[in-house]
Amino acid sequence: MNFRKSILYLAIFAAGFCGMVTENSISTAMSYLEENTAAAYAVVIGTFMLSLGVGGYASQFMRSGKELGMFVLIELVLSILTAASVILMMEAAVVELDWTAGLILTFAIGVLVGLELPLIIRINETQQVALKDNIAKMLWADYLGGFLAGISFCWLLPKLDIVHIPILAGAINLGIGAAVAIGFRSELRMRTFAPALGAGALALGIIWILAGRTVAIAEQAQFEDPIIFHEQTVYQRIVITKQDVRNICLYLNGQTQFCTVDEARYHESLVHPAFGLNPSAKRILILGGGDGMAAREILKYPDTTITLVDLDPHMVELCRTYPRLVWANNGSLNDLRVQIVSADAYKWIQKNLDLWDIIFIDLPDPSHPALAKLYSVEFYRMVASRLAPDGVMVTQSTSPIHAPEVFVAIWKTMKTTGLSVIPYRTNVPTFGDWGFNLGMRPKDKTEREILDALETFVPDRLVETKYLNQPAMQAALRFEKGIFPANLDKVEASRIIKPTVLTAYEMSWDKIE
């Protein structure tokens, strides 16, 4: 294989890598900016595939003999567009044009990426390569680059963040153009291309330098209060804002998780009703809850031990060490009674057969297929089978006011497992009306017995609470007339193969927006 052929194969390999990295970057950025993460990925990927086809089709209209110059020019333009893509999307999000900007950028980049492979194949024809070898080897190099990009993206994400990864991809695109220009310099007018490539390198340097500040300004514009901390992990974007000395708020992928001024309303309502039904509970499992707030409430009960299973170790570490969060969770994640496991809750409960007195499911809303499976019949059946005698399971269930379809879908999903299930709610000013579903095996307590026990439960007699008392508990069990639309009878239980909870979530919150 001669030098020029090697350059071309390397170029298409790198082009495949950059194309996939860019697609993943835009999809991930869109999922951060939008509530509907599943739609964000689907629409971006679909648009990218369409634009690849448009680029491939358009390549037939490029004049023969001009392929080298066109390829170098495409790499130059692609490098700038790719590098600036996520920055432009975040700027557009300030004026609520992130969908428009994202799709325009995806289409434009996709068309240029779609032109790369046909042009490289035509250039390689001039190297006396047999047609079958030419196409086979080029496709292999292109797809191999895409494969490596796919598996390396999650590794790159926490190290460079979602803004700087596409800048790196843009630099590789520029390097591809420069390598081809140098390798075929005798057939190109280098007096034209050398300054252009140099200008492209300068532009990338400027984008890299300004990226952090530009994104900080754009990200701040999405929040009312000043950002005091932000971090990109493999799984999510973590942002903390500060309203005043008493109140900080934590956001995951742009969604509010809690504000310290009123999070006790949520976490007391999540935890204490279960102890009212099983006051002698000792072995507690929390699925999610990496902020340590639920653990704080549980540790108020003597002799309890907690196993906390959370997917993101960076989130847990932040809540173990960040002073304001340690103050908020009372250092619960540093308590020796709390064992922390970094794992996917579904896979962990599948493998772990231990029995628990109470299982709390404190997970983000089912806004994505990966989260929707944690609100499925299959998952709840496994959880229910891990309950000890008189065991209780509780899950957060979104808002019965803003997302009644989701709330009812979760209730029906738990009911399908055969549990006695009681829905209840509380008011959290940060979120509005928020709901929970609590379940026990019928042989331990019927729904009537659960209701009677909770009606007479006095939470602040057992432990100290900020909000939850007997009147609040009694009010939590009541849902006024007309709160649920009549068509909710048609809502089905959610299953992995048919995640009705995800569909309901997307429809409910889209109505709010």
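The backbone N, Cα and C atoms fix where each Cβ goes, glycine too.
Feature list (source: TrEMBL):
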| type | residues | note |
| --- | --- | --- |
| TRANSMEM | 7-26 | transmembrane segment |
| TRANSMEM | 38-58 | transmembrane segment |
| TRANSMEM | 70-93 | transmembrane segment |
| TRANSMEM | 99-119 | transmembrane segment |
| TRANSMEM | 140-158 | transmembrane segment |
| TRANSMEM | 164-184 | transmembrane segment |
| TRANSMEM | 193-211 | transmembrane segment |
| DOMAIN | 206-441 | domain 'PABS' |
| BINDING | Gln236, Asp310, Asp344, Ala345, Pro369 | S-methyl-5'-thioadenosine binding site |
| BINDING | His267, Asp291 | spermidine binding site |
| ACT_SITE | Asp362 | active site, proton acceptor |
Verify whether three or more Cβ pairs under 8 angstroms connect the transmembrane segment (193-211) with the transmembrane segment (7-26), leaving out any pair fewer than 6 apart in sequence. no
If you count the C-beta atoms lying within 10 Å of each candidate's C-beta, which of the recorded positions Asp291, Asp310, Asp344, Asp362 ends up with the smallest number? Asp344
In the structure shown, with every protein chain counted, which of the binding-site residues Gln236, Pro369 has the densest set of Cβ atoms within 10 angstroms of its Cβ? Gln236
Give me the largest Cα to Cα distance among Gln236, Asp310, Asp344, Ala345, Pro369, the residues the record lists as binding S-methyl-5'-thioadenosine, in Å as a whole number. 17
Let's check the environment of Ala345 (S-methyl-5'-thioadenosine binding site): how many other CB atoms sit within 10 Å of its CB? 23
Other CB atoms, at most 10 A from the CB of His267 (spermidine binding site): 27
Assigned element (helix, strand, coil) containing Asp344 (S-methyl-5'-thioadenosine binding site), judged by DSSP: coil
Within this structure, do the transmembrane segment (70-93) and the transmembrane segment (164-184) have 3 or more Cβ pairs under 8 angstroms, counting pairs 6 or more apart in sequence? yes
As a whole number of Å, the Cα atom of the residue listed as 'active site, proton acceptor' is distant from the Cα atom of His267 (spermidine binding site) by 9
Using Asp291 (spermidine binding site) as the reference point, find which of the binding-site residues Gln236, Asp310, Asp344, Ala345, Pro369 has the shortest Cα-to-Cα distance to it. Asp310
Pro369 (S-methyl-5'-thioadenosine binding site) to His267 (spermidine binding site): how many Å between their Cα atoms? 25
Close approaches to the transmembrane segment (99-119) from elsewhere in its chain (Cβ under 8 angstroms; 6 or more beyond its ends): 12, 15, 18-19, 22-23, 26, 29-30, 33-34, 43-44, 47-60, 62, 67, 70-71, 74-75, 77-78, 81-82, 85, 88-89, 91-93, 138-139, 142
Asp310 (S-methyl-5'-thioadenosine binding site) and His267 (spermidine binding site), Cα-Cα, nearest whole angstrom: 17
Any idea what the model's mean pLDDT is for the domain 'PABS' (206-441)? 94
